[in-house]
Amino acid sequence: MKSTFGLLALAAAAKLVSAHATVHAVWINDVDQGAGNSADGYIRSPPNNSPITDVTSTDMTCNVNGKNPVAKTLSVKAGDKVTFEWHHDTRSDSDDIIASSHMGPVMVYMAPTEKGTAGNGWVKIAEEGYSNGKWAVANLIANRGKHSITVPDVPAGEYLLRPEIIALHEGNRQGGAQFYMECVQVKVTSAGTKTLPAGVSIPGAYKATDPGVLFDMYNSFTSYPIPGPAVWDGSSSGSSGSSGSSPATTTAPAVSVTAVPTKEAPVDTSATPTTFVTATKPATTAAPAAPSASSGSNSGSDSCNSGSASGSVKIYGQCGGQNYSGPTSCEAGLICKEWNPYYHQCVSA
């Protein structure tokens, strides 16, 4: 059972740590398209990996700077498997993808480029929430930051794909949920006949008080309502759903529902990408994971002194806590501060 101190520590931690994530690359039919998170790439990437927390902000559309096109556009066709690759820092085997405390759902939206850039016409084509006692983000971490969708049979043209993570480690308070998203520029070259529905506006698809946004993951729960519209069934037209939280109900698939092993590739072949199931299953009751704050402010108790040995933890990195097995010595000039029993962090002395 969580303590008042634990909640305060979790809230306090939000302002310092940056164990966050962005999309670094995309794979098409298991072929690595190379790093895309730069001005000469194909991902409209923000200047850093900080989250968006104001659901009314225009940055919710494609993140900070997301209205600015980038140099490249990936060519895809209906039926192609598109895999998004998230990372905390770099495309390396040692990268932790995102803090293990940042549990929550993973979703993908699609919109025609012009409408999507303006914040309109967004259609949810995939989602994964909480099922069988496991969060979508846990699956993402286990699969080395990869999750996949199948391109629907839409008309030829330019579109944006918008993968999104909602981290709920501070979702117990209004404004605490953290949103991570980017927009990937793609050009559909096949002549599909299934026009996207009208979609929803982003911002506008979520409210700060939606049950799937304002959600306490540290108390026992039996299900999780994934926020936003329902997943498009891939064939119907018209509205794709109203804003608010979608109940965990079965929908006709718009994307592949079976995980397929990837081909060996030069970058990170250690895991198989998750392929989303468009139907969410009712989650079973499970004891929630112990809170592990991922962010903080300069308060809390000092749990250890700073250090300068090789392999020391950098500023804002985790340096201790229950069940933590990594390095505990901070770089010179830093101290390891205890925010709660589960999360200690290197901060300025």
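Each Cβ is built from the backbone N, Cα and C atoms, and glycine gets one as well.
If you look up Swiss-Prot, you'll see 234-262, 269-304 marked as compositional bias 'Low complexity'. Marked as disulfide bond by Swiss-Prot on the basis of similarity to another entry: C62-C183. As annotated by Swiss-Prot, domain 'CBM1' applies to 311-347. If you look up Swiss-Prot, you'll see N323 marked as N-linked glycosylation site, on the strength of sequence analysis.
Sequence-distant neighbours of C183 (disulfide bond) (same chain, six or more apart, CB under 8 Å from its CB) are I43, R44, T61, C62, N63, G66, G116, T117, L160, L161, R162, listed in sequence order. The domain 'CBM1' (311-347) scores a mean pLDDT of 76 in the predicted structure.
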